[in-house]
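Participant: Quick one: the structure is below, questions incoming.
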Amino acid sequence: MGPSAPLLLLFFLSWTGPLQGQQHHLVEYMERRLAALEERLAQCQDQSSRLAAELRDFKNKMLPLLEVAEKERETLRTEADSISGRVDRLEREVDYLETQNPALPCVELDEKVTGGPGAKGKGRRNEKYDMVTDCSYTVAQVRSMKILKRFGGSAGLWTKDPLGPAEKIYVLDGTQNDTAFVFPRLRDFTLAMAARKASRIRVPFPWVGTGQLVYGGFLYYARRPPGGPGGGGELENTLQLIKFHLANRTVVDSSVFPAESLIPPYGLTADTYIDLAADEEGLWAVYATRDDDRHLCLAKLDPQTLDTEQQWDTPCPRENAEAAFVICGTLYVVYNTRPASRARIQCSFDASGTLAPERAALSYFPRRYGAHASLRYNPRERQLYAWDDGYQIVYKLEMKKKEEEV
């Protein structure tokens with residue numbers, strides 16, 4: 001061993017001494033941490049056991065209550081089924097009584113008409129209408145309905161253009177508004193956030209009531225000019241028809257409707273003064289005047305010029321009427337009660353005189369108790385588009401052939 005060996009030994013001993021002290025402190029620290037973790041674990045186990053015991057007690061208390069609730073639910077379900085069966089039975093009995101004792105339909109064939117040409121712009125009055133198509137159908141019954149959704153307020157109009165794209169939907173909410181919603185297809189209209197999918201078209205003058213019509217790419221509607229019905233002034237008794245081009249968004253024509261002292265044609269729909277309709281024959285208008293405040297009037301319009309071609313005084317009463325539509329030149333008036341009950345077609349008027357009285361049967365709408373703010377017939381689909389207290393409904397119609405009058 002050389003002279004440097006003792007020095008190396010002393011250096012090694014001096015270096016390992018502090019290392020052993022650090023290891024000792026580290027072991028003590030780990031032991032303290034493990035003891036703390038064991039204590040916290042024991043506390044968690046005690047708390048878990050206590051919560052499990054409380055949960056068992058709560059479950060034992062709830063089980064009898066759940067059994068009682070289940071028994072009550074079954075009892076309520078049984079009572080509901082019983083009430084539903086009784087309601088169905090009552091409706092069948094009412095339907096039977098309605099078929100056994102139907103209200104007499106109001107039908108007029110207009111045989112005694114001798115009226116000549118009317119004043120300029122008013123058209124011929126009470127002359128039989130000459131059909132321009134071979135349409136010869138009448139309503140047999142309102143077969144079924146489908147509730148699409150609820151959109152807008154209690155009164156409004158939704159429809160399709162019978163001469164336009166088959167999928168496009170037009171929605172006009174309210175009785176005094178100037179903005180129409182246009183949906184590219186029915187599926188977009190049924191979405192929860194439907195308004196985001198719609199384009200908006202604003203007309204220059206607000207419409208009146210729910211008598212608007214989309215036909216051949218145009219929006220036809222009645223406008224109240226300053227001083228129109230309800231507004232006072234010189235034009236107190238007049239309304240102006242507007243023809244609005246939906247694509248160009250411009251007014252292409254307008255005309256003062258040639259009837260004085262206008263009043264709402266439907267006793268249950270006070271905001272509508274002129275109800276426009278379209279069928280296989282073209283454009284029609286339903287209205288009423290103070291000259292005969294008990295019955296409806298019908299007019300055939302020229303969709304190009306808005307001229308009135310013919311007018312008729314119908315036997316259909318205004319009282320309890322809520323809406324109407326035209327099919328193959330025949331006016332069908334829908335009646336209801338207040339408060340609302342089951343709507344029914346109780347009066348029809350064939351302008352051409354080909355509908356035999358016995359063929360104009362009373363027809364009830366499917367089982368829904370509501371009030372129709374508007375009805376629009378689509379001749380391409382043979383369906384009615386209805387607005388019922390904010391609900392948009394489609395009615396399918398069953399047709400039958402008209403019988404020629406002998």
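For all residues, glycine too, the Cβ spot is worked out from N, Cα and C.
It should be emphasised that the depicted structure is a prediction, and the values quoted were computed from it without experimental measurement.
Grabbed the feature section from Swiss-Prot, which reads as follows:
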- 25-101: coiled coil (COILED)
- CYS135-CYS328: disulfide bond (DISULFID)
- 134-401: domain 'Olfactomedin-like' (DOMAIN)
- ASN177: N-linked glycosylation site (CARBOHYD)
- ASN248: N-linked glycosylation site (CARBOHYD)
- 1-21: signal peptide (SIGNAL)
Participant: Of all the glycosylation sites here, ASN177, ASN248, which one's CB has the most other CB atoms within 10 A?
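Facilitator: That would be ASN177, with the highest Cβ count within 10 Å.
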Participant: How does the model score the coiled coil (25-101) in terms of mean pLDDT?
Facilitator: 81
Participant: Which one of these disulfide-bonded residues has the most other Cβ atoms within 10 Å of its own Cβ: CYS135, CYS328?
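Facilitator: That would be CYS328, with the highest Cβ count within 10 Å.
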Participant: Looking at the recorded positions CYS135, ASN248, CYS328, whose Cα is closest in space to that of ASN177 (N-linked glycosylation site)?
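Facilitator: Closest by Cα: ASN248.
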Participant: Could you tell me the C-alpha distance between CYS135 (disulfide bond) and ASN248 (N-linked glycosylation site) in angstrom, no decimals?
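Facilitator: That comes out at 32 Å between the alpha carbons.
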